Amino acid sequence: MKVAITGGIGSGKSFVCERLRKFGIAVYDCDEAAKRLMRTSVDIQKRLSDLIGTQVFADGKLQKAALVAFLLQSKHNAQAINDIVHPAVAADFERSGYDYMECAILFDSGFIDRVHIDKVVCVTAPLAERVQRIVQRDHITPAKAQEWIDRQMPQDEVLKRSHYEIVNDGKCDVNAQIQEIIEEISETNK
């Protein structure tokens, strides 16, 4: 059974995946895989350089600022980057042997169509909580955090497409929710 953990920026996906690891479940991190593949794949580096310009790999290293600046210019730019990186991440996941993956933009970018996933778990949190988490983590303004949130699929739309929800609002017991979902998935998988 292949399970994707998703949710908007600041929802607490990484927190939930860390809890899953404490339950003994290995979780494939799509963001980390994308970074690794952009650092190591000559094909991806060439295609990104052709798309963005050679400054994206100045000094032979990925220049995150150049990548992000291009990505944030338009949805078209973001999709063009995704079209280069996501097939490699999907293939890497399929070869990895992992059953669980963390993927922020599972539905937004069409990544769900590139991999075999049986169940989707959506991590949700109130908007104000998400903004606060992003501001604290990334040292940006609340307005910029809101802009980042607005670039993603709305939380309620992601939730509609998911099989399970984990509410990460600082009040609900995340571990109990995870345990319940793990048990239900295990029962389904028998």
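Placed from the backbone N, Cα and C atoms, the Cβ positions cover glycine too.
DSSP assigns Gly10 (ATP binding site) to coil in the three-state reduction, placing it in neither a helix nor a strand. Spatially close to Gly10 (ATP binding site) yet at least six residues away along the chain are Ala125, Glu129, Arg130, Val131, Gln132, Arg133, Ile134, Arg137, Ala145, Ile149, judged by Cβ distances under 8 angstroms. Per TrEMBL, the feature ATP binding site maps to Gly10, Ser11, Gly12, Lys13, Ser14, Phe15.
Its Cβ taken as reference, Ser11 (ATP binding site) is surrounded by 27 other Cβ atoms within 10 Å in the chains shown.
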